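According to TrEMBL, the protein has these features:
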| type | residues | note |
| --- | --- | --- |
| DOMAIN | 1-105 | domain 'Fido' |
| ACT_SITE | 68 | active site |
| BINDING | 72, 73, 74, 75, 76, 77, 78, 79 | ATP binding site |
């Protein structure tokens, strides 16, 4: 199945993570019809204060990637989530985002 790239758009069809070389599906995230509830649980977790921030950041990133809410761009947004959570909680002094244009080989 060929999926049209649409970064930032919530998925409307089931997506999956695959090893295209070996033609194996590695992980099937939450179904689109259950996504709103999954995201709400993630937001509730992020907004509670019972865990240390580094643990909360790691678990939040893991859960975000497991939900895989977008058809495309989940990795970029997930990495941004880490940076913003660390910045919001003053673990880092300012957020830095590096795009592909910053690296030349």
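Here the Cβ of each residue, glycine as well, is placed from N, Cα and C on the backbone.
Bear in mind that TrEMBL entries carry predicted annotations, made automatically and left uncurated.
Since the structure is predicted, the reported quantities are computational estimates derived from the model, not experimental observations.
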### Cα separation, residue 68 (active site) to residue 79 (ATP binding site) (Å, whole number)
13
### Message
With the cut-off set at 10 Å between Cβ atoms, which of these recorded positions ends up with the most neighbours? Options: 68, 76, 79.
### Response
68
### Message
Taking only same-chain residues 6+ apart in sequence, whose CB is under 8 Å from that of residue 78 (ATP binding site), what do you get?
### Response
61, 64, 65
### Query
What is the number of other Cβ atoms found within 10 Å of the Cβ of residue 75 (ATP binding site)?
12
#### Entry: Set of same-chain residues at least 6 away whose C-beta sits under 8 angstroms from residue 77 (ATP binding site)
8, 64, 70
